[in-house]
Amino acid sequence: MADENPQAQGAEGGGKGKSSSMRLQERHQQLRKRGRTPPSAYARRDMNETAQQHNRNESSNRSPSPLAPPRSPSPDAQARKRKRPGGGARMGLVDRETLRRRQEERERSQQEEAMRFSQNRGVTDIVRHHYNAVPQRGREWRKTESKIKGLRSFNNWIKSTLIQKFSPDEEFVARSIGTKDWADETAPPPMEDKRLLVVDLGCGKGGDLGKWQLAPQPVDLYVGLDPAEVSIVQARERYNGMRTGRGPRGRRGPLFHAEFAPKDCFGEYLGDVPIVQQVGIDPNAGPGGSVMSSRWGGGGFDVVASMFTIHYAFESEEKARQMLRNVAGCLKKGGRFLGVCPNSDIISARVAEMNAKRKERETAAKKEEAEPEDGEVEEDDNKIEWGNSIYRVRFSGDTPEDGIFRPPFGWKYSYFMEEAVEEIPEYVVPWEAFRALTEDYNLELQYRKPFLEVWKDEKDDQELGPLSERMGVRDRNTGALLMTEEEKEAASFYHAFCFYKV
């Protein structure tokens, strides 16, 4: 589920939502500078580097510099080596034993680190190979032949809702509603054309590019990172199609500058990605960083997005903390971390319920006669599985009797989604443990809701409501949600969230 393809978000609106949608679009346009928008500074950087390289390659008409005078020969190298004799003889047995123990400790530490790295790469490689192998399907197929077209459209609308609600900064939101809550009277005037810097962790095939193009506050730079190399190639092709007019660009100004790179965003530090390094990433984010860095430091990005991906980070505490170091390190103060992931409340309730049923069967000694309920498959005592014809969740190992996952890391299950995910390992993200962990990285929870509650709250919004009709989520005439009951059950497995960097 790391990559959902967009529906026709930029298509013409209609029906009862057209006038309100147009008014909001006009309001957003009034907040932007009129006239030609200058290109992104990051796009100009590429052009400047090309020009500088060209200038460096031009032939010069200057006279050659005179040769430097010859230097006196250096003394013989052997003469420079001075070693006090007898040093080794004075090393006592205790010192030799100490050195031997230290060497053994270093070797043991290196072996343990190599083992952890190998284990981490094992799951990462499985996920990467899976998404590299997912076929690229066209929009027409998704709209007509897909078995989960309602779920695809709904998931895309949820992500669009997050971007619409939480990607703008406080200054932009305050100006859009005509207040000055963003500053006191002594503050300088606002930047009329301030644009967002966004990094997308697990960008997949670039399915959210169109959503960012339609963000209320314009995007200046989009950085897409994903461990799957094939997905990065396809994301770059999708973006190039938008640049040349072959892809959906909507009607909201010029296309932002975008850069893509293959990267394990949870197992590795992002500071070695050139564009991330250029925008700014704080290497001291989180526990262990300096007091001044935690108070005043930060990265250069306004938004970090992670759609359907953070569950891969909960393989271990080390990976979860590396993920949060990357998120907090990239964000400036006031920046937003938004995304979607499996809802641990749903998982915990299912696990507790099925463990209780298993215990009842054991007590009654009628396990052979018991019939599984709809959507449940029971092959042995330890395996817990549920789902329907389009999705399936399966725990092969032991699970907590009460459904409370302690410790919060390493609870692996396999997940299947028709046409999207083929039985790959994922990990439970126990929400309260995750929220507590984010506090170590100066991230404060602002929003968290299950997918179906997001729909209930936002379906009548003056902009998001008409957007749901344009995206094929709701029937224009009846207002009905265009998903089957099985698709609704699959959607209920997820929730959306947003944190602020404080």
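The backbone N, Cα and C atoms fix where each Cβ goes, and this holds for glycine too.
The S-adenosyl-L-methionine site recorded in Swiss-Prot comprises G202, D226, D264, M307, F308, T309, Y312 together with one of K159, K165, K333, namely K159. Across the domain 'mRNA cap 0 methyltransferase' (146-502), the model assigns an average pLDDT of 90.
Every protein chain considered, the tally of other Cβ atoms within 10 Å of the Cβ of E426 (site 'mRNA cap binding') stands at 23. H311 (site 'mRNA cap binding') sits 6 Å from E426 (site 'mRNA cap binding'), taking the C-alpha atoms as the reference points. For N156 (mRNA binding site), other Cβ atoms within 10 Å of its Cβ number 23. Closest by Cα distance to Y494 (site 'mRNA cap binding'), from the recorded positions N155, K205, R238, E426, is N155. Under the DSSP three-state reduction, R238 (site 'mRNA cap binding') is assigned to helix.
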